[in-house]
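These come from TrEMBL:
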type     : residues : note
DOMAIN   : 8-68     : domain 'HTH tetR-type'
DNA_BIND : 31-50    : DNA-binding region
Amino acid sequence: MRIVKEAEERKNEILDVAERLFGTKGFDNTSTNDILNEIGIARGTLYYHFKSKEDILDAMIERMSRQLIKRAADIFNQKDIPVLQRLTMMMMALNVDGNLGQEVMDQVHKPQNALLHQKMQIGLLTGINPLITSLIEEGIAQGICQTDFPAEVAEMTLLYSNTVFDDLMQYSEDERQQKVTAFIYNLERLLGMERGSMQAAILPIFQNDQQK
């Protein structure tokens with residue numbers, strides 16, 4: 001008996017299956033037939049929701065961006081955690097995990113997918129930059145940091161962390177440590193803090209994340 005599902009439920013089912021296949025087989029090695037066979041639906045049903053495999057990837061990136069924004073918002077709302085720790089935890093929460101995450105980022109960074117990359121960057125900036133700006137303003141109010149440009153510092157911090165930490169695991173341990181140290185050093189300068197003032201507070205967060 002054929003199971004009829006609501007449009008949004010079916011769309012999410014297609015995305016769920018595509019995510020799993022892209023993560024295990026890779027985007028280039030996954031065909032629309034693979035997705036159809038895995039779900040057991042007609043080609044017309046797939047094309048009702050998505051025009052192509054690239055269209056599925058686009059929707060997947062949108063959904064992933066929403067999930068990342070929710071992660072950041074959940075951390076932002078944990079007011080019992082100090083400002084600097086929340087800021088760092090938000091940066092680390094933007095890492096896209098697992099094989100799927102690496103596969104998606106590999107696709108996003110391809111020259112032919114420049115518009116997808118731009119779309120993801122704009123989505124994250126729109127959703128997360130106000131949260132980081134608010135955290136920096138909290139830090140200013142508490143005398144922890146000093147800058148006349150909290151929104152601009154937030155944007156630079158987000159773009160830097162999004163670019164560098166997406167590919168962090170491809171580097172050696174020494175290279176990862178160097179990038180983390182450089183991130184902390186530059187963030188301290190952007191926030192008008194003395195060198196080393198952030199390291200003791202936030203370096204363990206990076207180390208714990210890398211050990212997971």
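Yeah, the Cβs are placed from backbone N, Cα and C, and that goes for glycine too.
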Original post:
According to DSSP, how is the domain 'HTH tetR-type' (8-68) divided among helix, strand and coil residues?
Top reply: 49 helix, 0 strand, 12 coil
Subject >> Mean predicted confidence [pLDDT] for the DNA-binding region (31-50) >> reply: 93
